[in-house]
Amino acid sequence: MSGEDEQQEQTIAEDLVVTKYKMGGDIANRVLRSLVEASSSGVSVLSLCEKGDAMIMEETGKIFKKEKEMKKGIAFPTSISVNNCVCHFSPLKSDQDYILKEGDLVKIDLGVHVDGFIANVAHTFVIGVAQGTQVTGRKADVIKAAHLCAEAALRLVKPGNQNTQVTEAWNKVAHSFNCTPIEGMLSHQLKQHVIDGEKTIIQNPTDQQKKDHEKAEFEVHEVYAVDVLVSSGEGKAKDAGQRTTIYKRDPSKQYGLKMKTSRAFFSEVERRFDAMPFTLRAFEDEKKARMGVVECAKHELLQPFNVLYEKEGEFVAQFKFTVLLMPNGPMRITSGPFEPDLYKSEMEVQDAELKALLQSSASRKTQKKKKKKASKTVENATSGETLEENGAGD
């Protein structure tokens, strides 16, 4: 990113920026729905990850065609983490694949950007739920808990509120279902070309993290990727030795790479992905990419997104949405096709204050402002109602 870009930060105070976010959100929602529909027993996770990434590239290739210099595409590679796998499972062709089976709890996580404006989304569902039946037991508990955490956050991430209010609500919601938010996971503010902005919301912090984590107030015209990860177990995510395949460049780090393979790999990263997360799958020669990444990661030019696991036998559910803090209320631009009636838990939120919050409306005040001409592709993401009402649930 050039110095000029840094001086003139573009925000959602500009209509065109809002349109770019919505277009990215619309693509993210459509790709997600397509992957959910394609997920069934016997389907390979690798094939779904490849399909998701290919669709994002294809769909972003259809917009702003005249703007030859504009970067657009994947803001987070398609990851599909099953059951006790917490996040970032996105295998290479040379890795062991995972084949989906009946009853698997599946989390799909992906991101799209248009001109560096990022729309992230994640969704959880269970494979092969027969019509007329419901998911029960711990899978239902953890999915309900995570979904209600996301719904609480949609109502709490608004100007004037603090990030700590969201953290507290998440703990209360999860505990009502005898579940635990994954310890130390962060939701980030988003800025142009930046997926990990400085303001964050932490989940289930340790005592040390509570001391270290910056308190922050949400402000109008900010954007957040709100990421909820809840476990049926203790909420501790560990690296189990699975190969990391997703990385992002850290623009603040510099180092003179010694190996020719590393240098060639890193210059391709800079050219193609800038500071967006990418997968080693995106390289033509996967073997060279696997070699090139080692020196880059060792010297912290690249940050890894490690594949994390909860204990065997536990379940982890994830819901992530991107929200624009508009002057007339929060606008959620991404969301999955959640069907609440499929999940039956014996537990529910007991806390009266939280119950009232969850029952309150999350739709925005309508403005009598003349609509700017937005692209056809974003019409169904522009109403600003919660997306369940305008197509995210169909």
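Quick reminder: no glycine exception, Cβ is built from N, Cα and C everywhere.
Swiss-Prot has this to say about the protein:
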COMPBIAS  365-375  compositional bias 'Basic residues'
CROSSLNK  LYS298  SUMO2 cross-link
MOD_RES   SER2  phosphoserine
MOD_RES   SER2  N-acetylserine
MOD_RES   SER335  phosphoserine
MOD_RES   SER361  phosphoserine
MOD_RES   THR366  phosphothreonine
MOD_RES   THR386  phosphothreonine
REGION    2-48  region 'Necessary for nucleolar localization'
REGION    46-54  region 'RNA-binding'
REGION    301-394  region 'Necessary for nucleolar localization'
REGION    358-394  region 'Disordered'
REGION    361-375  region 'Interaction with RNA'
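It is SER361, among the modified residues SER335, SER361, whose Cβ has the fewest other Cβ atoms within 10 Å in the structure shown.
When pLDDT values are averaged over the region 'Interaction with RNA' (361-375), the model yields 59.
Counted within 10 Å of its Cβ, the other Cβ atoms near the residue listed as 'SUMO2 cross-link' come to 12, all protein chains included. Taken residue by residue with DSSP, the residue listed as 'SUMO2 cross-link' is part of a helix. Under the DSSP three-state reduction, SER335 (phosphoserine) is assigned to coil, being neither helix nor strand.
Summarised by DSSP class, the composition of the region 'RNA-binding' (46-54) is 9 helix, 0 strand, 0 coil. Distance from the CA of SER335 (phosphoserine) to the CA of the residue listed as 'SUMO2 cross-link' is 36 Å. Cα of SER335 (phosphoserine) to Cα of SER361 (phosphoserine): a distance of 17 Å. A coil conformation is recorded for SER361 (phosphoserine) in the three-state DSSP classification, outside any helix or strand.
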